[in-house]
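Peer 1: Below is one structure. I have some questions about it.
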Amino acid sequence: MTLTVTDLAIARGGIPVLEGLSFTLTPGRALILRGPNGAGKTTLLRTLAGLQPPLAGRIEGAEDKIAYAGHSDGLKPTLSVTENLLFWAAVFGGRDITPALEGFALGDLADRHAGNLSAGQKRRLGLARLLVTGRPIWMLDEPTVSLDRDAVAMFADTVRAHLGQGGSALIATHIDLGLDAEVLDVGPYRARPAPLDDPDGDFL
């Protein structure tokens, strides 16, 4: 499934942050999202994932195809690692959780409550949810936060496997994941500020 974005404009808190953005994301490809802090990367990912509406433009190919992993891991702290994955698997159609446990080395933590995990372990569990969604397009917002070097490599391998199976990924990160991916710099698409009112204009 190809994701096509055409002349997109988005806002954060009612203030436009990006405009005129167009790109395509085809199966088997990854796109790395770059730009300074506050440029609108998170807002873009949230908009593409359907969590907020765009100001203008078109998003095609996203219907029920996107899995989003943001800054919040979205875990149920009183449930075990296994129970968390089973919960999300049920939400997305009841997929086998074994690949998720194995892909992020969570087997030894399977019975531990999510609330008792370290920050890095929580992040791994949050990312493991991607593997039980069955959705082909991944939207990832700084996915390597709290991960050590081995876990970053594990994550990169998971993304490569996903791409190899015909999936795609849009990733906001400043870390070199070693992926064969193009870079989308949102800097040139930052919204122009609205012109200020001229209180003296009526007197000129």
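Using the three backbone atoms N, Cα and C, a Cβ is placed for every residue, glycine included.
Annotation comment: Swiss-Prot describes 3-204 as domain 'ABC transporter'. Look at Swiss-Prot and you will find Gly35, Pro36, Asn37, Gly38, Ala39, Gly40, Lys41, Thr42 tagged as ATP binding site.
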Peer 1: Can you list the residues of the same chain, besides Gly35, Pro36, Asn37, Gly38, Ala39, Gly40, Lys41, Thr42, whose Cβ falls within 8 Å of the ATP site's Cβ centroid?
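Peer 2: The answer, listed by sequence position, is Val17, Val186.
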Peer 1: Which Cβ among the binding-site residues (Asn37, Thr42) has the fewest C-beta neighbours inside 10 Å?
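Peer 2: Minimum Cβ neighbour count within 10 Å, taken over the binding-site residues Asn37, Thr42, occurs at Asn37.
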Peer 1: When you measure from the Cβ of Gly35 (ATP binding site), how many other Cβ atoms are you left with inside 10 Å?
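Peer 2: The Cβ of Gly35 (ATP binding site) has 19 Cβ neighbours within 10 Å.
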Peer 1: Are there any residues in the same chain, six or more apart in sequence, whose C-beta is under 8 angstroms from the C-beta of Lys41 (ATP binding site), and if so which?
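Peer 2: Listed in sequence order: Leu33, Arg34, Gly35, Asp141, Ala172, Val186.
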Peer 1: List the residues of the same chain that sit at least 6 positions away from Gly38 (ATP binding site) in sequence and have their Cβ under 8 Å from its Cβ, in sequence order, or write 'none'.
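Peer 2: Once residues fewer than 6 apart are set aside, Gly38 (ATP binding site) is near Val17.
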Peer 1: Give me the mean pLDDT over the domain 'ABC transporter' (3-204), rounded to a whole number.
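Peer 2: Here the predicted model's pLDDT, averaged over the domain 'ABC transporter' (3-204), is 93.
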Peer 1: If you count other C-beta atoms within 10 angstroms, which of the binding-site residues Pro36, Gly40 is the most crowded?
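Peer 2: Checking each of Pro36, Gly40, the winner is Gly40.
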Peer 1: What is the total of other Cβ atoms whose distance to the Cβ of Ala39 (ATP binding site) is within 10 Å?
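Peer 2: The answer is 19.
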